[in-house]
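Shown next, in structure tokens, is the structure this report addresses.
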Amino acid sequence: MSTIFIAGQRWISNPEPDLGLGIILEAENRRVVIAFPAAEEERTYAAAAAPLSRVLFQVGDNIDVPNQGPLTVTEQQEHNGCIVYFAEDENGDVHPVPEQILSANIKLSNAKERLLAGQVEHHRRFALRAATLEQQNTSQAASTRGLLGPRVQLLPHQMYIAAEVASRPTPRVLLADEVGLGKTIEAGLIIHQLLLLERAKRVLIVVPDSLVHQWLVEMLRRFNLKFSIFNEARCQLIDKYEDDPSSIFFDEEASKEQEENPFEDAQLVICPLSWISSHERRQQQLCDAGWDMLVVDEAHHLHWHEDGDASPEYKLVERLSAEIASVLLLTATPENAGIDGHFARLRLLDPVRYPDLAAFLEEQSHYEEISELIQGLSDSPDTSLSDVDFCQRLETLLGKAQFSALQKNPSPEQLDKTIRDLLDRFGTGRMLFRNTRASVGGFPERILHEHPLTVPSGYEQACTTATIEETLHPEQLLGAAWLKADPRVSWVEKFLLQNPDDKVLLIAADSSAARDLELHLRLRRGIASAVFHEELSLIERDRAAAYFADSEDGAQLLICSEIGSEGRNFQFAQHLILFDLPLNPDLLEQRIGRLDRIGQLGDVNLHVPYYAGSAQEKLLSWYRDAVNIFKQPCTVGNALMLEFGDDLHSALTKGDNNPINDVIALAADKAIELQENLRKGRNRLLELNSCQPQRAAELISALETEQRSDTLAEYVEMLAEQFGLEHEDHSDNAVILRPGDHMITEAFPHLPDDGITGTFDRDRALSREDMAYFSWEHPLVSGAMDLVMSSDFGSASICTISVKALKPGTLLLESFFSPTLQAPAWLQLQGYLPAQSFRLVTDQQNRNLSNAVAHSKLNQLAQGVKKTLMPVLLREVRTSITAMIPHIETLAEDTTKAWVKTATENYKTDRDNERERLQSLMSRNPHVAPQELEAFDRETTLGMTALQSLQLNMSALRLAIVSQ
């Protein structure tokens, strides 16, 4: 019978048996393409090394044909390399069954076959397989799957947002936490979850040039995700086409035929925004490559106007977001470009929901009433529900049925459900998440240090003809010798010499001023310094930032141009020198946020050297007394600038202080009013929906429980022992793993040639970046589990035991069954399966001894059997084993039915509740489109069908023979 690959043949994947029964689509040019219909997946392998096993059924085997039910094979014939079975149904009728029409769902029993064939392994390998099976099932069924592995603090607001966003079928959200609350980590958590749950495979991250390497390092260091940076040089290696229509050799059609899309070369890609937005050919290739998820950082740089005018960057992201299902936009200043800029970003996420700016403004005006109702239910439910006006307004929003249910039973659970419904139906949280420092808490104080300086000669005269921007940046007016004339320079020198042990960040608007100042301080004054500006290459910027971060031999001072106020974080420093002040309050907040953020352990000292009596001092007064930005994060600065900006600019150029004092007085009153409105309205709703404390606390508790670090440490030691790795204790809760001289595999997953040092303790991993953080989701651990379970490793074993209570010669069969779902991973059905495998221990009398004989006890008692004795033993017990196995499989089938019943009931309950919520949302909240409900129903049907096809696969089988 032919064993070569032929289209139509049925094979299974050795490393991925859960994919079900595959069918060969193509076998030529030394490669084979196979589809797995049950999992909706496709694989391509080199034909000579394809990890596939041919599936051939023998006479007497049962086969399954869709719409026909089970049939029993009575004969098989080969035809052109494929098999035609002749199989009998329950009525005795025989049907021809080409193998191509066999059901894609297939039940495997390799463990049984290997035991009966004598292909057995040492009992310690069996113990490792059983442990792997148990831990893999536990991990896959965990409600926190995807959140456990990242090297991050378990901060409630971050974990809540990540879990909430990742739970949606196709998340499209704006992450707009205030500066310093960790939006990059939130995005990474969401990406990590979707990749681990296989709901995304191709992820595109588009960021400003200065943040490219920071994202690359952050994704690898915190999330073990290996992204690739794409730029023109990398694309040219794959697609050497040069867009030169003027050439006489230019042939556009021929070029298109020969074109290779460089973006198909990697699954996880980071692109600099400036490059891709300015290169039409690469933009087209990027859009054609097909992505599951788009992430855009610093989204406030995307400019749009109601008249249709938009920046190239905005147009690119608009084009991508129209084609990519899941989109994350990150910005710490959602209204940086005014309310229309904020609307423009929401429009990218859902142009149908946000077609009109005027309607968006009208909707925002009603947020205060919703906030008041939620506040009443949260703080004083008894009083609120006895207030007639409150009840009338609440009933109008909830509907009579739900309001009546609340009145009859105002329990904490019902109140919580009502609040969630109000947030879902009328709030802003489904698309926008914004946590504030006030709601998160635990941040340091901002301390302003004002440093008035004498005005240098010639400055005041130059200001009479200068622009306001030049006035605020004296280096532009003092000429080529400004470093000698500017008293700010000598003040910086003195400050650094007086604080030699402190790290200092200095930010200046102009890159040339930053360069000149750093060179002067380093060469003329001997100060250990580095500079960071937009004209440096990405690698040079990374080196400068790393030099500053080095606590032993690093720079005391880092001087940044304005790009230093975005994305790069230096919370290990407590001193920020504002060499000048920008007119944009959000830009100043970004500057301060480089130090004032999560992880800052000390107070943030803000130093402002300024010319006494100048426009610099007036602008400082504006920020200090009107905006109050030096005490707390700025939330209303942009609104104040829109109302008072012209008056402020005018006052900055006046000689006396009366105009600026008048503007500050009016603006300070307005700031209080605006902040109060935000507190009552939109901000309150966003805070409530961006982190619901009870749910966040439950999530953190579950994560802490599911870490199981002691169990993991024992498991890693078992792995090292059985695979031949060198395992050395490094320190408490930390180990060193290295490739050993007697490894049983050529390579161990994610184990470097020089080894790896890792800790099982999250807190230690956060403080020791030189150590890996070993969790159940670490690639080395999960890769090792896959290595064990995707092969026959330890699947069959024979041992002897000595137990006084059992007669010599007694046979015990210990079997482990794992639940197998042949369904697309994006259905997320693992959570409906038991968190443990199904274990059985039986004897020759078919007694179920599972409870009486613990697995750990059998491991302690097990003794190996000499290979020379194995054939003799098997011949003696084969008949007994053959009779025992069907009984075990019958018990497993009974358990399968019970698990299917429980899983489908729980799934139906959850889906019915969620459907009811979606229907309610559709009737109240235009955030939810009808298509979402239709997709939800289709997914429910697929999920129910998949759960009903649940199988228990015998993954491991051990025969224990009682000896003398």
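Backbone N, Cα and C define each Cβ position, glycine as well.
Listed in TrEMBL for this protein:
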type    : residues                                                       : note
BINDING : ASP177, GLU178, VAL179, GLY180, LEU181, GLY182, LYS183, THR184 : ATP binding site
DOMAIN  : 164-352                                                        : domain 'Helicase ATP-binding'
DOMAIN  : 484-648                                                        : domain 'Helicase C-terminal'
MOTIF   : 297-300                                                        : motif 'DEAH box'
Taking all protein chains shown into account, the Cβ-based neighbour count within 10 Å for LEU181 (ATP binding site) is 27
Taking DSSP helix as H, G and I and strand as E and B, the motif 'DEAH box' (297-300) has 2 helix, 0 strand, 2 coil
Surrounding the recorded ATP site, with Cβ no more than 8 Å from the Cβ centroid of ASP177, GLU178, VAL179, GLY180, LEU181, GLY182, LYS183, THR184 and those residues left out, we find GLU186, ALA332, ASN435, GLY593, ARG597, ILE598
Ordered by sequence, the long-range same-chain Cβ contacts of LYS183 (ATP binding site) under 8 Å (at least 6 apart) are LEU175, ALA176, ASP177, ASP297, LEU330, THR331, ALA332
For THR184 (ATP binding site), the same-chain residues 6+ apart in sequence with C-beta under 8 angstroms from its C-beta are TRP215, GLU218, ASP297, LEU330
Cβ neighbour count (10 Å, all chains) around GLY182 (ATP binding site) is 23
Under a three-state DSSP reduction, the secondary structure at LEU181 (ATP binding site) is coil
The number of other Cβ atoms within 10 Å of the Cβ of GLU178 (ATP binding site), counted over all protein chains shown, is 24
Students should find that the Cβ of VAL179 (ATP binding site) has, within 10 Å, a number of other Cβ atoms equal to 22
For GLY180 (ATP binding site), the same-chain residues 6+ apart in sequence with C-beta under 8 angstroms from its C-beta are ARG437, PHE443, GLN571, GLY593, ASP596, ARG597, ILE598, GLN600
On the domain 'Helicase C-terminal' (484-648), the mean of the pLDDT values is 89
